[in-house]
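Per Swiss-Prot, the features are as follows:
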| type | residues | note |
| --- | --- | --- |
| DISULFID | Cys3-Cys22 | disulfide bond |
| DISULFID | Cys15-Cys39 | disulfide bond |
| DISULFID | Cys43-Cys54 | disulfide bond |
| DISULFID | Cys55-Cys60 | disulfide bond |
Amino acid sequence: LKCHNKLVPFLSKTCPDGKNLCYKMSMEVTPMIPIKRGCTDTCPKSSLLVKVVCCKTDKCN
């Protein structure tokens, strides 16, 4: 699995074994502007201020 790992979308990395999800975190007030991206094993929960989106395909975040 390859996930974007920087704020600029064309940079990505191969996820280590066991991390089979990509995630993107953004502020609820500006959901189109990511604040953090990367690989994870479980999807973090969204909060009142931060929206988290997880996916399972290459560069989907």
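Using the three backbone atoms N, Cα and C, a Cβ is placed for every residue, glycine included.
Under 8 Å, Cβ to Cβ, and six or more positions away along its own chain, Cys39 (disulfide bond) finds Leu1, Cys3, Asn5, Lys13, Cys15, Pro16, Lys19, Leu21, Cys22, Tyr23. Around Cys55 (disulfide bond), the same-chain residues at least 6 positions away in sequence with a Cβ under 8 Å from its Cβ are Leu21, Cys22, Tyr23, Asn61. With a cut-off of 8 Å between CB atoms and residues at least 6 apart in sequence, the same chain places Cys3, Cys22 near Cys60 (disulfide bond), listed in sequence order.
According to DSSP, Cys55 (disulfide bond) sits within a strand segment. Cβ neighbours of Cys43 (disulfide bond) (same chain, under 8 Å, six or more residues apart in sequence): Leu21, Tyr23, Val52, Cys54. For the disulfide-bonded residues given as Cys3, Cys15, Cys22, Cys54, the lowest number of other CB atoms within 10 Å of the residue's CB is seen at Cys54. Look at Cys15 (disulfide bond): DSSP puts it in coil. Cys43 (disulfide bond) falls within neither a helix nor a strand when secondary structure is assigned with DSSP, and so counts as coil.
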